[in-house]
Amino acid sequence: MKVFTAEQIREADAHTIRNEPVTSIGLMERAARAIFQWMVNCYDPSKRIAVVCGTGNNGGDGLAVSRMLHEHGYRVDVYVINRKTTGSDDFETNLNRLPVPWKQISESGEIPSFEQYGLIIDAIFGTGLSRAAEGIYAESIRAMNDSSVEILAIDLPSGLFPDASSAGMKVVHATVTLTFQLPKLALLMPENGRCTGEWEVLDIGLDQDFISSQHSPFSLITAGLVDQLIPARSKFDHKGNYGHGIIIAGSHGKIGAAVLAARAALRSGIGLLTMYIPRDGYPILQSAVPEAMVITDENEHYLSGIPDLEGASAVGIGPGIGRQAETVYTLEEALRNSNKPMVLDADALNLLAEHPHLKDLVPENSILTPHPGEFRRLVGEWNNDFERLDKQRSLSRERKWIVVLKGSHTSVSFPDGQVFFNTTGNPGMATAGCGDVLTGVITSILAQGIKPTAAALCGVYIHGYAGDLAREAGSEAGLIAGDVVRYLPHAFAAFE
């Protein structure tokens with residue numbers, strides 16, 4: 001699924017109006033009907049609702065939804081902010097159709113007490129905002145946020161820019177956002193999480209041929225996409241058909257990282273797995289993961305050499321390796337001796353940041369999986385999440401790396417500038433070891449001969465999906481990395 005800018009959505013609206021054909025007010029009615037039907041399934045008619053409207057088309061959506069709710073027996077109070085002059089044509093049409101009285105919120109009047117309501121519908125700006133909310137608009141947004149009442153935002157929380165940072169601005173803090181047709185970039189930025197709440201895309205019937213014809217550098221990773229990328233297995237296959245991966249991991253006190261990566265790789269379909277670890281980790285790993293082959297470094301507590309990488313179809317390096325001087329040699333030699341894309345995580349990334357000359361040795365199309373702290377050490381500071389996204393895309397383009405920036409809606413950037421945002425995973429996965437699991441999953445998929453771009457997308461989605469299944473079986477608070485490993489087979493089962 002593509003992610004469109006506000007301008008692209010406006011163009012899709014206009015194209016649909018011209019070519020379906022449908023009138024502008026007819027398309028607004030369709031959008032309002034989608035909101036209304038969603039609400040009927042989620043909210044009881046006994047809930048008293050305040051609908052706060054601007055005078056543009058987002059306000060028109062709010063008026064149409066108000067009419068439908070009223071006709072369905074909901075108790076609705078409609079507020080229009082600052083109607084000094086005529087609003088948009090479709091706003092005025094829906095204002096005339098409104099079967100209930102409406103009240104104005106103006107600079108000279110009082111802002112209503114929203115605490116009396118069970119739900120507030122935000123229909124002030126949507127995606128139509130081009131500057132910070134000020135005056136009575138900002139005051140109305142403040143009052144809505146201060147009310148502690150649940151807020152439903154139509155298309156986008158008011159005050160939030162769809163394609164740029166709104167940091168420091170007055171923005172509605174929605175509980176849920178119902179956005180039209182395609183997701184907006186602002187919904188995917190961590191800095192906006194407290195503003196967007198849970199969000200859902202509603203189909204309003206915009207022209208699919210037009211949408212398909214439009215380029216967007218941003219997309220979502222969906223189950224349908226992953227299903228296309230994971231090949232079916234043949235009954236005549238043997239373990240040699242599913243690759244031989246080598247994972248270089250662990251140091252004294254961090255052998256658990258190697259165990260988690262190994263278990264995840266084996267649970268993700270790899271044919272053969274070799275683990276390269278310090279000597280003191282041998283009894284732990286051999287006992288914990290008997291399915292893996294184990295080679296030990298000459299050093300007791302940390303890595304100082306490398307295994308023979310010649311027969312490996314994929315190499316992963318980083319989980320728990322530490323940052324000792326001798327381990328720098330391990331990373332450098334691994335990079336020099338691998339002629340294929342690698343998976344780099346954790347301390348491998350920290351060592352890249354500390355020893356910049358190593359970056360030139362990383363094979364093209366290698367997959368780097370930093371969390372925000374590791375990414376900051378690689379690229380420096382940023383002022384907001386949109387700037388961070390720019391830095392991520394630049395790093396992928398300049399180095400020809402695939403960068404998996406972990407977090408809510410993990411972003412996967414490619415050398416061609418494309419970025420895919422993940423749609424699986426949950427806050428319970430913000431726990432030690434989940435990154436090691438992801439390294440194992442991606443290394444395993446890459447070893448099976450799947451292209452690096454597809455391995456990154458599939459690995460991220462399935463890792464998050466396994467976390468979601470683990471949450472459903474238990475809780476977010478109680479989720480640990482081992483639970484994600486345990487549910488990997490169930491996650492893969494969805495694509496068999």
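Going from the start of the chain as shown, residues are counted 1 onward.
Cβ coordinates are placed from backbone N, Cα and C, and glycine is handled just like the others.
Caution: TrEMBL annotation is automatic and unverified by curators.
Owing to the predicted nature of the structure, the values given are computational and were not obtained by experimental measurement.
Copied from TrEMBL, the annotated features are:
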type: DOMAIN; residues: 9-212; note: domain 'YjeF N-terminal'
type: BINDING; residues: 57-61, 126-132, TYR137, ASP155, ALA257, GLY320, HIS371, ASP436; note: (6S)-NADPHX binding site
type: BINDING; residues: ASN58, ASP122, SER158; note: K(+) binding site
type: DOMAIN; residues: 222-495; note: domain 'YjeF C-terminal'
type: BINDING; residues: LYS406, GLY407, SER408, HIS409, THR410, GLY435; note: AMP binding site
All-chain count of other Cβ atoms within 10 Å of GLY407 (AMP binding site): 16
Greatest C-beta neighbour count within 10 angstroms, which of the binding-site residues GLY60, LYS406, THR410: GLY60
Cβ within 8 Å of the mean position of the Cβ atoms of ASN58, ASP122, SER158: remaining residues of the chain near K(+): VAL52, CYS53, GLY54, GLY59, GLY62, ALA123, ILE124, PHE125, GLY126, ALA153, ILE154, ASP155, LEU156, PRO157, VAL172
Lowest local Cβ density among ASN57, SER130, which the record lists as binding-site residues, within 10 Å: SER130
Integer mean pLDDT for the domain 'YjeF C-terminal' (222-495): 98
Rounded Cα separation (Å) that holds between ASN57 ((6S)-NADPHX binding site) and GLY435 (AMP binding site): 44
THR127 ((6S)-NADPHX binding site) to SER158 (K(+) binding site) - Cα separation in whole Å: 8
Closest of ASN58, GLY407, GLY435 to GLY320 ((6S)-NADPHX binding site), Cα positions, binding-site residues only: GLY435
Of the binding-site residues listed as ASP122, LYS406, HIS409, the one whose CA lies nearest the CA of SER130 ((6S)-NADPHX binding site): ASP122
DSSP three-state assignment (helix, strand or coil) for ASP122 (K(+) binding site): strand
Which same-chain residues, if any, lie at least 6 apart from ASN58 (K(+) binding site) yet have Cβ under 8 Å of it: ALA123, ILE124, PHE125, GLY126, THR127, GLY128, ILE154, ASP155, SER158
Inter-residue Cα distance where the pair is LYS406 (AMP binding site) and ASP122 (K(+) binding site), in Å: 31
